[in-house]
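Colleague: The structure under discussion is supplied below as structure tokens; questions concerning it will follow.
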Amino acid sequence: MPEVADTCSLASPASVCRTQHLHLRCSVDFARRALTGTAALTVQSQEDNLRSLTLDTKDLTIEKVVINGQEVKYTLGESQGYKGSPMEISLPIALSKNQEVVIEISFETSPKSSALQWLTPEQTSGKQHPYLFSQCQAIHCRAILPCQDTPSVKLTYTAEVSVPKELVALMSAIRDGEAPDPEDPSRKIYRFNQRVPIPCYLIALVVGALESRQIGPRTLVWSEKEQVEKSAYEFSETESMLKIAEDLGGPYVWGQYDLLVLPPSFPYGGMENPCLTFVTPTLLAGDKSLSNVIAHEISHSWTGNLVTNKTWDHFWLNEGHTVYLERHICGRLFGEKFRHFHALGGWGELQNTIKTFGESHPFTKLVVDLKDVDPDVAYSSIPYEKGFALLFYLEQLLGGPEVFLGFLKAYVEKFSYQSVTTDDWKSFLYAHFKDKVDLLNQVDWNAWLYAPGLPPVKPNYDVTLTNACIALSQRWVTAKEEDLNSFSIEDLKDLSSHQLNEFLAQVLQKAPLPLGHIKRMQEVYNFNAINNSEIRFRWLRLCIQSKWEEAIPLALKMATEQGRMKFTRPLFKDLAAFDKSHDQAVRTYQEHKACMHPVTAMLVGKDLKVD
């Protein structure tokens, strides 16, 4: 497979050298908000006469670099903003092709590391102990340790992490024991081993007052004790989802599949860290209705973690295939009509995102060009939903779900433990369906892959479960003031929480509604009392876009009490666009930003045009 440049990394590319293994020894210092330690990187030269190599770093302090017991020279280049600073290391002897060297780097992270959020005890559920978690995707691993911070390089890792003894450390690896810290009796060392090679964006660490409960033969759910029972209930379907995923993708190679429920500031719905999926507590709806996120993270164990996008330009390969698998898992559990219902909801989400960006915006392309673009800034639902739409369209073109799932399983088998580009994927698609090349040649590949805006074709969707949502939303959107008395709580009696959410998504596409309509909707449906995060989010957006002043404190509360960017960013944007709440939104952001996740704080700041 030809070399493609990773414009998001300043390190030597995989064609020059490859990190094969990391041994991390570090200590977590809550008082100084720093990780201090050594990263021993086993690097294999990919060419003859290699005399130096470059690693990614970001806001790191480097103490020294040691090779074969000798300190060696290194230079830290100028900072290049979100990309960090290249670190060039001189090798004491030139390496020949395939020769390995162990480079031991002593480093310390910055309190402002973009990869880490340090929480005070007050920011936790238990209020007694501090908490730390990492989020490396896409390019923040370099803000924890020097590395080739590119998904084109995969490595195994082992780690020893020293933490205060009343706390627990977990990583994206198999737990490998714990022992008192010989250097400090008030601390404990936790050991970890990840034997499957992974891109370094999947390295993850959490430290806190964590407890666990077993919910399946290979699954513990971890959280602070205040959430552990609720989480065990919410995610009880995990093992049945894993079994379906293995049926669709092949054997689960990672051993353990644990779940970690994080504090509310965690910026994503979930993060597929191997052996330990991280999830937002906003999934704790009480009725398992948001468990599709678990199906999504489980699916990444194949698409993303085994078969990985070679650069972030091809992120859709990770996310499109993962959404495709996720919806098949939910289809197996809840029926094919349910799969189509979520697929169609995803098309609506795609329309919304394209409308927000503008239909000619380069970030609405499936394959993006991230040269001089921070992947966090480009991040959106496009790679998920445009990617899914392409695969769903191909499923229908090529003979249905069973046929296309056969392709997906073969794709995973072919490219496991590798990193791939869109061209690799497309070549394999053509090879797998060599008897259907005529059909494949009907696809407008250029439009699907490289053009902005909506895809050239909309797939076919079963609308059975969506129809009720559309019908009720139409009634509201077309209602005159004198019609408002015709609505009652009976309207909702046959709708699932998924359908209620879709109803609000449909109405939101037509926002603003007259204020009288919104007040009447609250009067008959009492949406303010609903705690399901997805439903509450769409309801509050509808209220603010329709200029209901009474909703301002509720929207501000939701935007700040949790930090999942899917919710926080649009809520802040809507509040800033409403004259009655603009100043309050900016003020609230400025008051809260010091205790927000660093990436969330940066992006909300951009959204609000402050800083």
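Every residue gets a Cβ built from N, Cα and C, even glycine.
For reference, Swiss-Prot lists these features for the protein:
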type     : residues               : note
ACT_SITE : Glu297                 : active site, proton acceptor
ACT_SITE : Tyr384                 : active site, proton donor
BINDING  : His296, His300, Glu319 : Zn(2+) binding site
MOD_RES  : Lys73                  : N6-acetyllysine
MOD_RES  : Lys337                 : N6-acetyllysine
MOD_RES  : Lys414                 : N6-acetyllysine
MOD_RES  : Ser416                 : phosphoserine
MOD_RES  : Lys573                 : N6-acetyllysine
SITE     : Tyr379                 : site 'Covalently modified during suicide inhibition by leukotrienes'
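Could you give the neighbours, burial and distances for every feature on this list?
Modeller: The number of other CB atoms found within 10 A of the CB of Glu297 (active site, proton acceptor), across every protein chain shown, is 26.
Spatially close to Tyr384 (active site, proton donor) yet at least six residues away along the chain are Trp316, Glu319, Gly320, Thr322, Val323, Gly346, judged by Cβ distances under 8 angstroms. According to DSSP, Tyr384 (active site, proton donor) is assigned to a helical segment.
Counting only same-chain residues at least 6 apart in sequence, those with a Cβ under 8 Å from the Cβ of Lys73 (N6-acetyllysine) are Val65, Ile89, Ser90.
In the shown protein chains, 13 other C-beta atoms lie within 10 A of the C-beta of Lys337 (N6-acetyllysine).
Counted within 10 Å of its Cβ, the other Cβ atoms near Lys414 (N6-acetyllysine) come to 14, all protein chains included.
In the three-state DSSP classification, Ser416 (phosphoserine) falls within coil. Less than 8 angstroms from the CB of Ser416 (phosphoserine) sit Leu306, Val307, each of them six or more residues away in the same chain.
Other Cβ atoms within 10 Å of the Cβ of Lys573 (N6-acetyllysine), summed over all protein chains shown, number 17. In this structure, Lys573 (N6-acetyllysine) is part of a helix by DSSP.
Cβ neighbours within 10 Å of Tyr379 (site 'Covalently modified during suicide inhibition by leukotrienes'), excluding its own Cβ and spanning all shown chains: 18.
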Colleague: Distance between Glu297 (active site, proton acceptor) and Lys337 (N6-acetyllysine) at the Cα atoms, whole Å?
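Modeller: Computed Cα spacing between Glu297 (active site, proton acceptor) and Lys337 (N6-acetyllysine) is 22 Å.
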Colleague: Which one is closest to Lys414 (N6-acetyllysine) in space, judged by CA to CA distance, out of the recorded positions His296, His300, Lys337, Tyr379, Lys573?
Modeller: His300
Colleague: Around His300 (Zn(2+) binding site), how many other C-beta atoms are within 10 angstroms of its C-beta?
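Modeller: I count 25 other Cβ atoms within 10 Å of it.
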Colleague: Looking at the recorded positions Lys337, Tyr379, Lys573, whose Cα is closest in space to that of His300 (Zn(2+) binding site)?
Modeller: Tyr379
Colleague: From the Cα of His296 (Zn(2+) binding site) across to the Cα of Tyr379 (site 'Covalently modified during suicide inhibition by leukotrienes'), what is the distance in angstrom?
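Modeller: A Cα-Cα distance of 17 Å.
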Colleague: Roughly how many Å lie between the Cα atoms of Lys337 (N6-acetyllysine) and His296 (Zn(2+) binding site), rounded to a whole value?
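Modeller: Distance between the two Cα atoms comes out at 18 Å.
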